[in-house]
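Let me begin by presenting the structure, written as structure tokens, before commenting on it.
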Amino acid sequence: MKNFFTRERVRYLVLGFLAISFIASTSIYSLQTKDVNELVFYREDGVCIDFSQDWIDEDGNLVNLDELKFYDHEDRESYLFHKVIPDELLGEESLCFEVRHMGFIVYFDDRDYDGYEYGDTPDDLDFLVDIVDVSKAETEKLKDSPDKTFDDIVAINFIDYRDKYGVDYIAYAGDGHGSGIGSRGAGTYLKTMQLYVTDAGDTVYLELFPVYSSSKINHIMIEPANSYIRYRILSALPRFIVCLIIIVTGVTVLIICLLMKGNMSVKIYEALAALIILVGTWSMLETHLFDYILGTSEYMHTVSYFLLMVMAYPIAVFSDTVMLKPHKKISDVIFWIIVILILYCTIVNYWDIFDFHETVYLSDALILVTGIFVIVRLIMDQKFRKDNDLHINTNWIDISLAIITILGFVDMFRYLNILSIKSIFDSSFFTRIGVLIFTIGMFINIFEEVVHRNKQADKAGTYMEMAFTDALTGIPNRGAFLLKESELSDRMKDSSKRKKDSNFQIVYVALDLNGLKIVNDTLGHATGDDYIVAASGILMQVFSEYGYVYRVGGDEFASFIVCDNAVGICKECIQTMKDKIRDYNQNSNQEMQMHIAYGYSVWRPGDKRSISEIEKEGDEAMYEKKRQMKKEAAKNTTN
């Protein structure tokens with residue numbers, strides 16, 4: 001369990017908790033203010049006209065509303081445009097458009113409904129705005145008031161435009177402001193306003209109230225409302241599915257990482273999987289499919305802001321884990337910057353100083369700086385690998401990470417209105433392409449690493465066996481013993497948390513072959529080697545069922561028994577060893593009888609001793625046994 005909760009995983013959980021705490025606290029409010037935005041489907045026929053181009057602004061210039069930028073929105077309250085409605089209306093069409101953080105008012109200059117004038121309009125006229133309080137709007141006090149509501153602005157502007165342009169009807173209005181849970185803007189919504197045959201040839205005035213410089217009005221069409229809504233949903237669906245595939249891929253890699261034992265490669269792919277999930281989820285929200293269907297756009301935008309805040313952390317973790325060149329870790333710094341960023345943005349949002357949208361540049365800047373820093377470090381690390389003749393296993397990840405970073409910057413600049421690309425309105429279009437390339441690159445890198453490891457494993461198998469196998473006896477040597485010793489030391493620390501009455505035990509057995517020097521001196525080293533081989537064979541037969549026997553010195557052997565009731569098993573093994581030695585001595589033609597001194601020590605959960613202290617106790621018990629055996633041998637010789 002300790003190995004499962006690594007430092008990086010704990011920090012992922014902390015960042016997730018901070019984000020989810022805010023999201024959960026606002027979700028109830030979001031559901032209470034849910035607006036389904038007239039998403040009612042029914043069959044109808046009508047014309048379909050692109051109505052985005054050739055609008056006329058207040059200066060008489062032709063503009064395309066899809067390409068509008070509102071850099072000076074803080075210096076002016078609104079923007080007014082007008083255009084003549086085509087004559088092709090069949091009576092089933094609506095004026096349809098998509099707005100993002102945008103207020104609007106739709107005026108007509110001379111609207112009637114099958115002969116009815118404005119004051120006598122039937123109740124079934126869609127989206128009828130309440131009659132404007134003209135007397136209130138004409139007062140100078142209201143015009144100069146800094147606390148005007150959107151309804152007040154509608155009234156004032158209606159009077160101004162009535163006198164200036166002859167408008168006499170307000171057909172549809174929305175203030176574009178949200179509740180403040182995540183931003184001052186209301187988010188992204190589809191709006192449809194019913195048109196009638198009598199509207200053909202009339203001039204429609206569209207007044208826009210951008211909340212931010214990046215506010216948008218897109219996809220302005222004249223067509224049946226259900227057709228427009230269906231098309232917007234279907235156009236977002238393929239992008240949504242791509243994002244879903246990306247998320248599932250990231251989750252799959254993450255699950256595989258969680259099931260694997262912790263090592264450097266697992267940390268690398270765990271960080272990459274977290275990045276894929278974050279970017280995939282953010283891109284999914286930016287398709288606006290949830291906005292169209294659920295009508296909780298402001299909530300979805302808030303989730304997007306938090307995803308952007310935490311996105312730099314897995315990038316930093318990847319950088320720290322993948323580098324071979326010695327370096328200072330940046331994930332620690334990035335983690336605390338993100339925590340501070342989340343707290344700062346939440347506080348200034350609730351205190352109504354800045355909202356999340358207005359502070360999103362901080363998240364973008366953090367991702368930008370982290371991405372550039374990681375790319376530079378990757379380049380330096382590649383040079384370090386080449387200079388030191390090390391295996392280069394991150395080429396595809398380097399390339400794909402650079403691509404997703406560059407494409408992410410493109411979307412970031414588009415989102416901030418620094419860059420504009422015609423006919424592409426999806427704010428995560430290039431990022432999604434980058435994630436796909438990045439995912440493919442990651443799997444190519446995984447495949448190449450697996451192939452490389454298999455080759456290295458085949459090549460290293462012989463070396464490993466030579467390094468950890470005693471050349472004379474063929475049993476594990478002291479190097480293998482030290483490796484097992486380290487493994488058990490870690491296991492003892494983990495197992496110490498178990499209940500003290502547990503049957504789990506670790507028994508260290510020290511073994512020493514008596515009389516080797518006499519054999520070497522009297523019978524020769526070749527016979528001495530045979531003596532050692534015979535003894536190791538007996539020990540392997542006895543202890544191999546419960547573990548390995550290690551030759552740790554010339555005539556010294558050791559074994560570990562790790563299981564429940566290990567002491568009882570150890571005693572059985574010692575008795576079996578004595579029986580086999582007796583059989584060997586009776587049946588062997590060797591002049592020298594075999595004698596093996598032994599001693600053991602026990603570790604149980606709750607024992608605070610280290611592995612070296614356990615071994616020292618076992619060695620002392622073995623030496624005591626060795627002295628006893630010498631005394632008995634001397635006594636037998638005397639008799």
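Quick reminder: no glycine exception, Cβ is built from N, Cα and C everywhere.
The feature transmembrane segment is assigned by TrEMBL to 12-31 (among others).
The transmembrane segment annotation in TrEMBL covers 236-259 (among others).
What TrEMBL records for 266-285 (among others) is transmembrane segment.
Positions annotated as transmembrane segment by TrEMBL: 305-324 (among others).
Taken from TrEMBL, the feature transmembrane segment covers 333-354 (among others).
Per TrEMBL, transmembrane segment is recorded for 360-380 (among others).
What TrEMBL lists as transmembrane segment is 392-409 (among others).
The annotation transmembrane segment is assigned in TrEMBL to 429-447 (among others).
DSSP places the residues of the domain 'GGDEF' (504-639) in helix, strand and coil in these numbers: 77 helix, 30 strand, 29 coil. Residues annotated as domain 'GGDEF' in TrEMBL: 504-639.
Positions annotated as region 'Disordered' by TrEMBL: 617-639.
Marked as compositional bias 'Basic and acidic residues' by TrEMBL: 622-639.
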Spatial neighbours of the region 'Disordered' (617-639) far in sequence, C-beta under 8 Å, 6+ residues away: 508-512, 514, 595, 597-601
Arithmetic mean of per-residue pLDDT over the domain 'GGDEF' (504-639): 87
